[in-house]
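Here's the structure, in structure tokens; my notes come after.
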Amino acid sequence: MYKKKKSYQSLKNLNTFSINVTAKKIIFVKTIQSLMKIWKTCNLSNIPYIILGEGSNVLFLENYAGVVIINRIKGIRIEEKKKNWLLHVFSGEKWHDLVKYTLRMGFFGLENLALIPGSVGSAAIQNIGAYGLELKNICQYVDVISLENGKTIRLKKKTCNFSYRSSIFKYKYNNGYAVIAVGIKIKKNWKPVIFSSLLKSKKILEINAYKIFNIVCQIRKKKLPNLKKLGNAGSFFKNPIITSKKTKKILSSYMKMPYYIQKNGFIKIPAAWLIEKYNFKNIQIGDAAIYKKQKLILINLKKANSKDILKLAQIIQKCILKKFGIYLEPEVDFINSLGKVKLL
């Protein structure tokens, strides 16, 4: 039925923020059948439940009153087409492990997304992205299962409503559904996705997928905190997307502000730049702080609780709103005793 079942166990090692909260039960599942059986038990008994992968994009606000289901449904199926490789990847696979696997197999195209924490399922839900590439660029379909009747629904890329760090799986296919697999299309005719840090590399003229993978890993290791030492959920805030009018207003005071024009005409501003320009110095709430090497990341120095992190996040939001007129939207999901909630 499931690999492990724990009662009133700490979730500290199951969320990358390392928040020391508990759940009524923690259950690791390895099959779809196990997942459905547990869901039915929770549903019949009116017990709250939540499905997690690697716990890399969540902040637990308090002890969870229900069952935390840890998705360990794994497996990769490969289908060869004339021009592409099609990978059917189950949602419990670790994303970075998938990237390494494709490189070993000689399938190139995922290397820009190396070292992103989390599972394949959460990659689709979140539409992960980095260094010029997003999940939506390589996704063929996403399979979700109705936990009520066991029917699998395949959503092709166009119907997934992928957008900046979001998808249809964050709202419509949320309660009563679970992402079980992601279809990924990798072109045989590989072309590198070039990004600014890559252009600065001396090896740009002899670039290949393996070198891009190594460069991305080096960059991320250099600027991102070690999860084993400093709890965090990666980028705490989304990069704000604002109007050209507001962008021009800010540029009149900050001529060197970086910005990126979107296809719809709106402008994306790096949230890390906004936070850095405010100059919060060494602000710290309890054991919650801003990571010095990447201002977009809030860290748990040792024993921070959710209140510390939330208070720090609120201070940042208020200050950035006052100085730039920009609201920083959280990227992490907040979970209270009954499930996901909207905060900040």
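Just so it is clear, glycine is given a Cβ too, placed from its N, Cα and C backbone atoms.
Swiss-Prot lists Arg165, Glu331 with the feature active site. Sequence annotations record features per position, and here Swiss-Prot assigns active site, proton donor to Ser235. Sequence annotations record features per position, and here Swiss-Prot assigns domain 'FAD-binding PCMH-type' to 19-189.
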Glu331 (active site): tally of other CB atoms within 10 A of its CB: 19
Helix, strand or coil at Arg165 (active site) [DSSP, three-state]: coil
Per DSSP, three-state class assigned to Glu331 (active site): coil
